[in-house]
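A quick write-up on the structure given underneath.
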Protein chains: 2
Amino acid sequence: MAKNDPIELNQHTITRDPLPASKKIYVEGEIHKDIRVPMREIQLTNKEKVTVYDTSGPYTDPTAEVNVRKGLEQTRRAWVIGRGDVEEYEGREVKPIDNGYTDDEKAFATHNPDLQRKPLRAKKGHNVTQLHYARKGIITPEMEYIAIRENQRRQEWLEAETSEEREKRLKGNSFGAATPDLITPEFVRDEVAKGRAIIPANINHTELEPMIIGRNFLVKINANIGNSAVTSSIEEEVEKLVWGIRWGGDTVMDLSTGKNIHATRDYILRNSPVPIGTVPIYQALEKVNGVAEDLTWEVFRDTLIEQAEQGVDYFTIHAGVLLRYVPLTANRVTGIVSRGGSIMAKWCIAHHKENFLYTHFEEICEIMKTYDVSFSLGDGLRPGSLADANDEAQFGELETLGELTKIAWKHDVQVMIEGPGHVPMHMIKENMDKQLEVCDEAPFYTLGPLTTDIAPGYDHITSGIGAAMIGWYGCAMLCYVTPKEHLGLPNRDDVKTGIITYKLAAHAADVAKGHPGARYRDDELSKARFEFRWEDQFNLGLDPDTAREFHDETLPKDSAKVAHFCSMCGPKFCSMRISQDVRDYAAEKEKIEKGMQEKSEEFKKQGGEIYVELTD
Amino acid sequence: MAKNDPIELNQHTITRDPLPASKKIYVEGEIHKDIRVPMREIQLTNKEKVTVYDTSGPYTDPTAEVNVRKGLEQTRRAWVIGRGDVEEYEGREVKPIDNGYTDDEKAFATHNPDLQRKPLRAKKGHNVTQLHYARKGIITPEMEYIAIRENQRRQEWLEAETSEEREKRLKGNSFGAATPDLITPEFVRDEVAKGRAIIPANINHTELEPMIIGRNFLVKINANIGNSAVTSSIEEEVEKLVWGIRWGGDTVMDLSTGKNIHATRDYILRNSPVPIGTVPIYQALEKVNGVAEDLTWEVFRDTLIEQAEQGVDYFTIHAGVLLRYVPLTANRVTGIVSRGGSIMAKWCIAHHKENFLYTHFEEICEIMKTYDVSFSLGDGLRPGSLADANDEAQFGELETLGELTKIAWKHDVQVMIEGPGHVPMHMIKENMDKQLEVCDEAPFYTLGPLTTDIAPGYDHITSGIGAAMIGWYGCAMLCYVTPKEHLGLPNRDDVKTGIITYKLAAHAADVAKGHPGARYRDDELSKARFEFRWEDQFNLGLDPDTAREFHDETLPKDSAKVAHFCSMCGPKFCSMRISQDVRDYAAEKEKIEKGMQEKSEEFKKQGGEIYVELTD
């Protein structure tokens, strides 16, 4: 089999600059000494430093060597091997059809031998999921890593906080979520053991920087990438990943279809510090030439193993699309809009048989626990329009996902649940409440939801509204929507816009929940704003480049960045500046009142009654 | 006094095209026969037509003659005159200082004699506010106009609706708001009489297409324009207005400062079909060279009359910034961020006197009722950061605004209340509830609120989230925020982005409230989407141009606009297309079950028990 050299990858297309005024720092573990948790430290102009969560991986560390043709350093491999419950094995042979060809030459034109690793799997009789360890009381390096990461070094400022500040910061409404001031490794373990959080971390994804998805942790966001029928090169896909995590993507789903899907996944996984999710039925469908009826359990099973060996961290599996739910969608305004959902619906009605993902669910669990792939139980019947929200089909499927959650848990397999979609604001909470109830608090992972259907071109916003709300209500991860949703494939700018929108929605949710680490960054930015520290205001924001660019459009001069006014009011009048006068006045008033109060006390002592008490 | 010709205005800069596939239609009144209410009718490719609310005025009617140097047709003048309670008078002479000059030549270089109208005022002893008429039981032409306008011809499809569709459409949570299926002129009158809605309509703004602000009507949005210290020509300001209402601005605030402020306002008012609001203290401050301490009641009063004669429909007046509240802001993270609020705070502390807007409030009411200018009681102490939300200063001022509302109502003067600002999600509802309570349901008009401070460059989104939520909870009008908020002055694209964002937030709120006219457009768009009517999908959206442009980036060919697939999945597989198979299957299943059921019944009758009942 002629396995050619990899196609030429232009290293220069990979974005490597750190974010402005930012430095990568690493915090070491205590239980597991070899842990080094990356964070981003922002240097302010007033000498202070602010630490923020960092999803961008080694790419923003100028000292890290990166070669996308070789893949990232496999830091995590030692932890996995160290547990003594895995074995290397030969693994499934890559077939031409994995890349969408029957022809060897074409199929392997994109194959890169340097990215191949011998797969690991659980030794016979072992279960290597984080849930399994958690239930056995084991704190894994992944768990300690996550505890450190979630804290963002907040122990440093928590101590300096006054009780009043603390009270203000924590005043939120968490709808039952409960995040402690400091996340301990034991807390992480406990949440995973309860199934309330997952750590998507395939043992074959050894380049991973572990993260957690659960409502007692920071709300996470997912960004989708993927070549599609229309266009895009492997090189572009890797840069899409790097670009996506640069702006805050906590996980990335590779939704590639078409040719070279296996080779693309090699590049993505070997170069990804964040968990990668896929929808394996997409590739299975490619293998049967796009004819849903021709899908079989065998093709699907083989695809699961193919992808599990590569290191995919979570699989979207539409096992809840039951035959009996399918007719319930017939009178919908927008029928079935989930690609996976419609593939399975088509298969079910063509064969008049129950969904093979449902009938083979326990076998799927066996595969999942061999590699620690997490379930993302797909909502194949999610509503595609406000009109179809919260209907019988959608909630019927959700109940089935609840059943499947319990089966997965029986196998110690980690599970999260996917949710809608298009839901008007007043119907969002019902989704969250029902999910918590029927899925026993397994993490919820929703797409949006979009709160209106009338704004094509702005669906990052229609959905950002719903995402912020459902995040507040308890959703653990928000799948981003770009401005191109419903219209076309997102380009680089669209991806960034989608991510920043979702990042702000997730943060707004954290703040509203009263997450102990959330409000800090808002306060730091507000202080910078009030003190006219323009550079700090840009750099503390989610997108320093855009903030700076917008500012410079009106006031481009460097001197304006330290000017105590801005273009909104101009130099003559500035409301912010008046506040100093107010402070002086308040101090003066307090002084006077205190003086008068003292004089009054004095007179009283002397029996006089000249001064009356000030009440104001 | 040498009043020169107006500066050259390039007519071509005014946007005049109708929106794609749209036609301006006019619906006539029944009580007042001379009423012609403009609406936008969108022609779909399937021969259907959809009517939507239209704020764009004569500019999008190709048959309307528009000359911005002459002003729009004064349709409303006959209604005002017809009431017999107004008189023309000489009016206040325009002074050089009104345009920011002491020099006549400069001051009148921008003065346009063709835009001057003899002002109208209430005859002695008369009150010409819509509230006054409403309380007397009079249905004005403005009220009937609004009733027709708010209905968007929905009587046509309401009749065709099934009871199931109706139930679905109305299922919302209105938090106490109650919009009837059809708005009658009497309903409008009643809501105005109760103070629960306002019709900002200065008798001198005779070019106005009346609209209403109240929580039992469609949620409205405001767009700000205004030249600022830095730049912009009068010509640009008029086009900004036209541009803003094209995309859905229901009212426009002219926040101009600096030179030629009076002349600019002439152009804006004479060319505006939507209500214009201002913050008169800005111009008053210009007249005293930007020195807040030098402001006097006399300068302010003169400015009110100047602007009332020009036709400004609502004034933001910061009469609630009381001396005793000012020190409460001293320990805030971001002090006082409202320009008007800080001007008054500065004045109060400089003189150690109570705010003259408060002490002269009844005199202000006298002016307001002479021209029917509505109050927009300013929230001068609104929070400028999450940290300052819902604090003592903010809520103290709100209570004073409640007192002032009652005083204004005593004079039959219309009132709405301005609200914040920066508020995390979990603290938004408290704002709405408190406002309804202390201001006796006078309409609330908020800026955002912004739900996080960490996304400069994206504050249209951080605030769009809060705006949608507070609109749902009962806020009547949402003041837009553009992507340039906190960073610089918005350009044309920013204004559009801000407006579309707020339009979608307002619509999401209408849907969530269960407004009887809201969900219709979502459903029409969703149907178009499901049926691959791409053109209709674009044209039914809030921004057809952007939707089309985004689509064409990936699939530019005209044939793709009728193609039954899109770039997201490509031609081979399409989830939407599978739905037809599902429908066929469901129909077939139903047929079979019905047949079996019949056979079963037959057998039972014959005493047989071969078929068991299907339960599935």
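Yeah, the Cβs are placed from backbone N, Cα and C, and that goes for glycine too.
Just so you know, TrEMBL annotations are computer predictions that nobody has curated.
TrEMBL annotates A:N224, A:M253, A:H318, A:S338, A:R339, A:G340, A:D379, A:G380, A:L381, A:R382, A:E418, A:Y445 as substrate-binding residues; of A:Y267, A:Y282, A:Y473, the candidate listed for that same site is A:Y282. On the backbone, the CA of A:N224 (substrate binding site) and the CA of A:H422 (Zn(2+) binding site) stand 18 Å apart.
Of all the binding-site residues listed here (A:N224, A:S338), it is A:N224 whose C-beta has the fewest other C-beta atoms within 10 angstroms. Here the CA atom of A:H422 (Zn(2+) binding site) lies 13 Å from the CA atom of A:G380 (substrate binding site). Note: none of the binding-site residues A:N224, A:Y282, A:G380, A:R382, A:Y445 has a C-beta at a distance under 8 Å from a chain B C-beta. Most other Cβ atoms within 10 A: among the binding-site residues A:G340, A:G380, that distinction falls to A:G380. A:Y282 (substrate binding site) has a Cβ environment of 22 other Cβ atoms inside 10 Å.
With respect to their backbone Cα atoms, A:Y445 (substrate binding site) and A:H486 (Zn(2+) binding site) stand 20 Å from each other. With respect to Cβ neighbours within 10 Å, the binding-site residues A:R382, A:H422, A:H486 differ, and A:H486 shows the lowest count.
For A:H422 (Zn(2+) binding site), the nearest neighbour among the binding-site residues A:Y282, A:S338, A:G340, judged by Cα separation, is A:S338. For the pair A:S338 (substrate binding site) and A:H486 (Zn(2+) binding site), the Cα-Cα distance reads 12 Å.
Reported as a whole number, the C-alpha separation between A:H486 (Zn(2+) binding site) and A:R382 (substrate binding site) equals 15 Å.
The secondary structure of A:Y282 (substrate binding site), as reduced to three states from DSSP, is helical. Largest Cα-to-Cα span within the substrate-binding set A:N224, A:M253, A:Y282, A:H318, A:S338, A:R339, A:G340, A:D379, A:G380, A:L381, A:R382, A:E418, A:Y445: 20 Å.
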